[in-house]
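Student: Would you mind keeping the following structure in view while I ask a few things?
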Amino acid sequence: MEQISRRQMFLIGAGYTFDATLISLPAQIIGVAKQDAWMTYPLASLLILAMLWLLSKVSQRFPDQDLFEALTHRYRLIGRLIVCSMILFTFLILQRDLRMFIDFSNIVLLQQTPLSVIGLLMIGVIIPIVASGIEVLGRVAEIFFVMLALVILSLPLVLLKELDLESLLPIFDGGPGHVAKGAWLAFPYLGEMLILPFVFKSKTFNFRTAAYAQLFGSFLLVILIVYNIIVLGVHVSARFMYPNHELTRQIRLTDFLDRFDMILVSIWASAMFTKVAFSVFVICRGIRRCLPTVSEKLLASPVTVFALVCSFWFFENSLQVVNLNHTWPALALLFQVLFPVLLFFFLRPKKKTPAHESP
Amino acid sequence: MIGQLILSLLVFAIILMLEWRPLRKSTRSTRLISFSLYALSSAIWVWLQVSMHVPRPAVYLEMLLQPFDILK
């Protein structure tokens, strides 16, 4: 059985929180919460941390099993139904991410290339990562997420001359209700990492590491959204489809490197491949837990191809993907709040019957 | 329609050619799920290319969840 270290799980978790959230969501959050948008991520994180704590407690009850395995062993029918619904939810996340990734590449990088060709090129990268197993995925995250995080952390230095700190004021101009609405938009994206205990045993997954991953991913998002506000301004950044890309276009390192955004996009794309590959891995692992005779590595190709086709079927254009963000939290509430609470109360190991002592 | 059908069959054939050896060694359930997903993907792809008006699940999902949209 392949295992990854807690450090790798931290990087996968933080990347799962961060990589797709930064695409279009910040513009919508800034549109709702204005200059207080940076408060939305910490607020949403609090809810996710509470859910992570619940799931970590459930995970500790089954030390040798992940939650998919625990569910299918403990409740044969209902457990499988819950696993199937989690697979379906992850599949929705997967094909949404895939479509956002394809649209972004088409709009920003490859305007003349058909979407289907971009999609096929992408799955040509994703399939080998998943088919190589979780250890390879962990190592890919170790390289690319670390690079991405370093670049994001260095943004304050390279954008120093573009800052207008007054854009962050006045605080609570729209009232706390606006911040709460922004957090409502942010929580399903931040909560995607709640899938971790379903695929990792408690030996790999523990609350502290997962909480650090969640906080680190949110911290990077806060840096980006603060820089969106103070570099681009509230009104401008709320109107962009990809505000973070516009932000990176402001970076000009002296006269010899004025398209630094291309380097950043290439690093981000590599990290994004890890996120999409992890979603495919979760789906394959879930199917294997329901049908133990199935090979999860061989399922990587058909699941990825199916997700690609569904991403073209589900969404007519990139605007539909963005519009879904308004109603998506309601669906996420079911899987990211209700399910953890129910599992916390009802998923317990069978009580062992005391052995009769011989007279 | 025939062009799209040939294109999707071509992609399907290439994937099968690459995957055939490991698939042959795998269990029956793996093969069944793999072939079903490939066939379903091809069918959806051809349908998307041929049909003028395709019902989009995202639209229905949005309509279903509309009452919970607190931003409106």
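Keep in mind that glycine also has a Cβ here, set from the backbone N, Cα and C atoms.
Sharing the feature lines straight out of TrEMBL:
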| type | residues | note |
| --- | --- | --- |
| TRANSMEM | A:9-32 | transmembrane segment |
| TRANSMEM | A:38-56 | transmembrane segment |
| TRANSMEM | A:77-95 | transmembrane segment |
| TRANSMEM | A:115-134 | transmembrane segment |
| TRANSMEM | A:141-159 | transmembrane segment |
| TRANSMEM | A:179-200 | transmembrane segment |
| TRANSMEM | A:212-242 | transmembrane segment |
| TRANSMEM | A:262-286 | transmembrane segment |
| TRANSMEM | A:298-315 | transmembrane segment |
| TRANSMEM | A:327-347 | transmembrane segment |
Student: Using Cβ atoms only, state whether the transmembrane segment (A:38-56) and the transmembrane segment (A:262-286) have three or more pairs under 8 Å that are 6 or more apart in sequence.
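Tutor: Contact between the transmembrane segment (A:38-56) and the transmembrane segment (A:262-286): absent.
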Student: What else in the chain is close to the transmembrane segment (A:179-200), if you only count residues 6 or more beyond its ends and a Cβ gap under 8 Å?
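Tutor: Same-chain contacts beyond the flanks: 4, 9, 12-13, 16-17, 20-21, 25, 28-29, 32-33, 36-37, 39-41, 43-45, 47-48, 51-52, 55-56, 58-59, 66-68, 86, 90, 93, 172, 210, 213-214, 217-218, 281-282, 285-286, 325-326, 328-329, 331-333, 335-337, 340.
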Student: Is it the case that the transmembrane segment (A:9-32) and the transmembrane segment (A:141-159) touch, counting contact as three or more CB pairs under 8 Å in which the residues of each pair are 6 or more positions apart?
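Tutor: Between the transmembrane segment (A:141-159) and the transmembrane segment (A:9-32), which are separate recorded stretches, there is contact, as judged by 3 or more close Cβ pairs.
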Student: Under 8 Å for C-beta pairs, could you tell me which stretch among A:115-134, A:262-286, A:298-315, A:327-347 has the largest tally with the transmembrane segment (A:77-95)?
Tutor: A:262-286
Student: Looking only at the recorded stretches A:141-159, A:262-286, A:298-315, which one has the largest tally of CB-CB distances under 8 Å to the transmembrane segment (A:115-134)?
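Tutor: Looking at each of A:141-159, A:262-286, A:298-315 in turn, the most contacts to the transmembrane segment (A:115-134) are made by A:298-315.
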Student: Do any residues, 6 or more residues outside the transmembrane segment (A:262-286), come within under 8 Å Cβ-to-Cβ of it, and if so which ones?
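Tutor: Tertiary neighbours of the transmembrane segment (A:262-286) are 12, 15-16, 19-20, 22, 66, 68, 83-84, 86-87, 90-91, 93-94, 97-98, 101, 105, 108-109, 122, 125-126, 129-130, 134, 137, 140-141, 143-145, 147-148, 151, 195, 198-199, 245, 248, 251, 296-297, 299-300, 303-304, 307.
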Student: Can you tell me which parts of the same chain pack against the transmembrane segment (A:327-347), counting only residues 6+ beyond its ends and a CB-CB cutoff under 8 A?
Tutor: 47-48, 51, 54-55, 57-58, 61, 67, 70-71, 74, 82, 85-86, 89, 92, 184-185, 187-188, 191-192, 194
